[in-house]
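Peer 1: So TrEMBL lists these for the protein:
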TRANSMEM  33-59  transmembrane segment
DOMAIN    49-298  domain 'G-protein coupled receptors family 1 profile'
TRANSMEM  66-86  transmembrane segment
TRANSMEM  106-128  transmembrane segment
TRANSMEM  148-172  transmembrane segment
TRANSMEM  207-234  transmembrane segment
TRANSMEM  246-269  transmembrane segment
TRANSMEM  281-300  transmembrane segment
Amino acid sequence: MPCEGCMERDNKSTEVTMEFLLLGFSELLCLRILLFLIVFVVHLVTVAGNVMIVVAVVMEPSRPPMLFFLCQLCLIELCYTLVIVPKGLLSLAAVGGSTISFLGCAAQMLLFVALGGSECLLLLAMSYDRYMAICRPLHYGAVMSKGLCLRLAVASCLGGCAVALGLTVAVFRLPFCQPLCINHYFCDVSALLHLACTQSYSSQLPLLAACLLLLLLPFLLILTSYGCIAAVLVRAPSSVRRGKAFSTCASHLSITLLHYGCATFMYIRPKSSYSPARDKMVSLVYTSITPLLYPLIYGLRNKEMRGVLRKTLRRKKVVQ
C-alpha cells in the first residue's frame, strides 16, 4: 500500500536529478572521529595487504590453481572496499550525512552486489579445487588446468554481475517515499527496500532470489564438497595426510564461514527484523574488518602463500 509522500518517477529526467541522503552515523556525535580513524587505518591496512598478495602471486612464475583463485579473491576484496569504504568515511566526516545521486546509488549497489556475489561463486570454485586435490588427486593436474581455472574465474564474475544487475533493476524500479533519507552509510539493498513505498512481499522477491542464487545454493554445494573431503579423510590411513589436507582447507573454510555467515545474517531474514542501527554496525564489520582478515588468514595459515610471500620479500632485498 503506497505511503504518504511517495515519489513516483514518471520520466528519466526525474531519475537523473533525484538524490538520496545517506545519514551514515550521524547519531554517533561523540564517536564519529574515533570511528573515522579506526576505519581509515583498517582500510589502509586492508588495501596494502590485498595489494601485497596480488603482487606476490603475479610475480610467482608457477601458480597453482589455489593461488590463482586467491589472487582473484584479493582483487575482488580490493575493489569491494574501494566501492564502499570511501563513501562510509565521507559519511563519518560529514555532520548531516552525505548525498548521492540516483544513478550513483544504483551504481554503488550494483558493484556491491556484483563483487559480493562474485566472491560467493569464487569460494565455490575454490572448494571444487580442494575437492579435486584431496578426493581425486590422480586426476587433479589434468582436470584443474589453466583453462578451467580461467573459465571458473570468469563464470564467477559473470554470474555475480548478472544477478546484481537483475536485483538492482528490480529495486530501483520501486517507488520511494519522501524524504529520500537512507539510514545507512552506503546504498545497501535492505535499506533501500525499507525506503520503498510498497508494503507487499513482492518487493522482497528479487532479494530472496539473489540470496538463493548467490548464498544458499553455493553454500550447500561447498558443504557437499567438504562432506566428500571429510569422508575421504576419515578413511585415510595416515594421520600426516589428514593433517596436511586439513591445513590446505582451513584457510578457505575459515573465509567461507566468515563471508557466508555475515552475508546470511544481513540478508536472509524477515523484513520485520530490520534494524538500521544494528545493520550499520554489522555492515561496517562486514565491509571493513572482514576484508582485513582475508589477507591475514591466507598469509598466515596457507603454506603455499607463505612460501610465495617469502620469495617476494627475498626478491625485494636482492633488488635493494
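Cβ atoms here come from the backbone N, Cα and C positions, even for glycine.
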Peer 1: I'm checking region-level scores; what's the whole-number mean pLDDT for the domain 'G-protein coupled receptors family 1 profile' (49-298)?
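Peer 2: Reported value for the domain 'G-protein coupled receptors family 1 profile' (49-298) is a mean pLDDT of 84.
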Peer 1: Going along the chain, which residues at least six beyond the ends of the transmembrane segment (148-172) come within the CB cut-off of under 8 Å?
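Peer 2: Same-chain residues near the transmembrane segment (148-172) but 6 or more away: 65, 68-69, 72, 102, 105-106, 109-122, 124-125, 128-129, 189, 192-193, 196, 206-207, 209-210, 213-214.
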Peer 1: With a Cβ cut-off under 8 Å, give me the same-chain residues at least six positions beyond the ends of the transmembrane segment (281-300) that come close to it.
Peer 2: 39, 42-43, 45-46, 49-50, 52-53, 70, 73-74, 77, 80-81, 84-85, 88, 184-186, 188, 251, 254-255, 258-259, 262-263, 265-266, 306, 309
Peer 1: Take a look at 33-59, 66-86, 106-128 and tell me which one has the most Cβ pairs under 8 Å to the transmembrane segment (207-234).
Peer 2: 106-128
Peer 1: Report, as numbers and ranges, every residue of the chain located at least six residues beyond the transmembrane segment (246-269) whose Cβ falls under 8 Å of a Cβ in that stretch; write 'none' if there are none.
Peer 2: 66, 73, 116, 119-120, 123, 126-127, 130, 133-134, 189-190, 207, 211, 215-216, 219, 222, 226, 229, 233, 279, 282-283, 285-286, 290, 293-294, 297-298, 301-303, 305
